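**Student:** Pulled these from TrEMBL:
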| type | residues | note |
| --- | --- | --- |
| SIGNAL | 1-20 | signal peptide |
| DOMAIN | 20-134 | domain 'Thioredoxin' |
| REGION | 141-164 | region 'Disordered' |
| COMPBIAS | 152-164 | compositional bias 'Basic and acidic residues' |
| DOMAIN | 156-273 | domain 'Thioredoxin' |
| REGION | 410-442 | region 'Disordered' |
| COMPBIAS | 410-420 | compositional bias 'Basic and acidic residues' |
| COMPBIAS | 421-435 | compositional bias 'Acidic residues' |
């Protein structure tokens with residue numbers, strides 16, 4: 001029977017010096033980057049897992065309920081917990097931004113689902129059994145969707161290695177050297193036991209990294225016993241050896257952990273360090289809005305004053321502030337948009353902005369159709385405080401008016417110039433007898 005992981009998010013603001021919330025005598029299984037892959041990802045069991053921080057007040061209140069649920073589900077569904085304050089790489093891998101976070105790992109262990117239910121043992125058990133029922137039905141219909149542990153050797157062809165790029169003496173330079181992408185390359189020997197242990201971790205990480213970085217960070221492998229020119233060039237003395245290659249820099253050794261979560265965390269750090277700042281786009285059509293917001297966890301939208309109120313220099317100063325914030329928060333991979341006051345009146349109305357108080361800013365979660373409004377100043381400090389609260393799961397939100405994006409009008413993009421008042425028509429007074437003005441008609 002499969003394990004189910006459930007994870008949901010509640011923010012914590014209580015900072016207390018507390019040790020781990022669970023012990024070996026509990027039915028809650030303590031999970032770490034060292035055992036997470038083996039216990040959960042490679043398991044065919046169903047799990048419930050909480051990501052917590054020991055100092056978190058909400059986590060402390062959840063602890064007795066979590067223990068009750070673990071005892072009730074013993075032998076049916078496994079229940080685990082991760083100290084995400086201590087094991088931040090593991091929390092980061094699953095997008096943990098607040099505590100406690102509960103996620104659902106069902107049939108497909110690579111696609112965790114958020115748990116948004118109650119925090120009582122009854123609610124948790126009900127959710128676990130519901131997910132278990134769904135999993136069993138999938139199996140009955142022949143749709144397991146499970147994770148392949150990939151423990152077979154490279155020679156046997158086992159494991160899903162479709163996203164690990166095999167490199168050779170002939171193909172290495174063409175693919176890696178001078179590439180604009182970041183490469184993490186494993187040098188291995190087929191007979192090496194540590195290499196065989198790393199293989200499923202490397203393969204799983206390659207797929208996740210490819211998806212999250214849109215292919216900008218690549219995981220590759222080199223059989224150093226066959227491709228001895230490469231092994232000699234890079235001084236490979238033991239297996240496995242992992243090196244990081246970036247354009248214009250000497251390769252460096254990767255000395256992090258060998259679990260899927262460790263590898264993914266390092267790859268995402270490399271991606272964010274090398275990623276350009278996000279584009280700041282004007283909302284000129286419905287496609288611009290939807291493509292940006294649908295492709296990102298959050299899209300940050302600013303409504304700037306009319307060009308006649310600020311001129312080009314004033315508008316550019318606002319855009320500069322947005323660009324600085326986009327650079328500062330580029331690791332979040334949010335979308336960034338702006339529009340002129342009045343150009344998208346329906347959108348302003350759906351966000352509770354309409355008609356006054358410019359410049360304004362809203363952060364929208366298009367998947368949930370919820371938004372948060374900037375209530376401080378439209379300045380680097382004010383926006384930074386607003387975005388910082390969002391990044392840790394704090395701040396009040398509201399549903400987008402109508403539950404969906406309103407009609408977006410197609411407009412001409414700003415030309416970068418000062419605005420001009422409309423030209424009034426000249427009045428021809430040549431045929432008017434001014435001497436007769438003001439006289440009453442007889």
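Positions of Cβ are set from backbone N, Cα and C atoms, glycine also.
Tell me about the surroundings of these features in the structure.
**Tutor:** DSSP states for the domain 'Thioredoxin' (20-134), grouped as helix (H, G, I), strand (E, B) and coil, give 42 helix, 23 strand, 50 coil.
In the predicted model, the domain 'Thioredoxin' (156-273) shows an average pLDDT of 90.
Under 8 Å from some Cβ of the compositional bias 'Basic and acidic residues' (410-420) lie the Cβ atoms of residues 282-286, 306-308, 311-312, 315, 340, 343-344, all in the same chain and six or more residues away from its ends.
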